[in-house]
Amino acid sequence: ILITRVDATLQTPMYFFLGNFSFLEICYVSVTLPRMLMGLWTQRGTISFFTCATQMCFFLILGATECFLLAVMAYDRCVAICDPLHYPLLMRPQVCVGLVVASWVSGAPVQIGQTCQIFSLPFCGSNTINHFFCDIPPLLKLACGDIFVNEMVVYIFGILFVTVPFLLILGFYIRIISTVLKLPANTGRTKAFSTCSSHITIVLLFYGSATVTYLKPKSDEHEGLDKLISLFYTILTPMLNPIIYSLRNKDVRKAMRKFLT
């Protein structure tokens, strides 16, 4: 984030989105990881009802924001490759800020409502959450009575916040691929695909694990596997993002060397 702010060559829409994405990942990891580490250190895995609700609410809001922001970044690459002459007009600063703000705020009301709905359920019996943070699937397993409606709401919101952005990303990349294949020079194709490879890697890691977690049928047989998959989109993917987006990027490495010297 600091390098993109101080280096003039990196003050472009792509790095503006990357800066916001990096800040989002910092917030995203801060919701779950510190509490998990504290529990491992103290060997006390307790969490209050209100803190659990707060953690889940912020986790869902930031997760929805990441879905939308990844779609915005795909749109940026699509415009840059498919319509380069109109890129400065279509991705002017006001548009970029508007897209980022929309990504941050669009999921908040729905996810707050979903959190209130989940925590208004009657909980009885065990109060042990079989997970390393407060998430929807393990909490629904502790609820009493008929939760069919709640599960349907989870699937609907999962489709809305996971499937729809993913389909948008897929559509953007279909257009990118069709445009790149029309390029006459192999060098141009390689450069175009290289600018998208980092984004594709993160999309596959994040959406693949999130889809398995929220859209698969509920089962008690693979709870260990569910927690392992959750590690991908809560810890592993954010840890890999700086490597994938920064250290593999020639422009960022060049700016970093200049900044350090």
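Cβ atoms here come from the backbone N, Cα and C positions, even for glycine.
Per TrEMBL, the features are as follows:
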- 1-245: domain 'G-protein coupled receptors family 1 profile' (DOMAIN)
- 14-37: transmembrane segment (TRANSMEM)
- 49-75: transmembrane segment (TRANSMEM)
- 152-174: transmembrane segment (TRANSMEM)
- 195-216: transmembrane segment (TRANSMEM)
- 228-247: transmembrane segment (TRANSMEM)
| Are there at least 3 C-beta pairs under 8 angstroms linking the transmembrane segment (195-216) and the transmembrane segment (14-37), leaving out pairs fewer than 6 apart in sequence? | no
| request: Quick one: average pLDDT across the domain 'G-protein coupled receptors family 1 profile' (1-245), no decimals. | output: 87
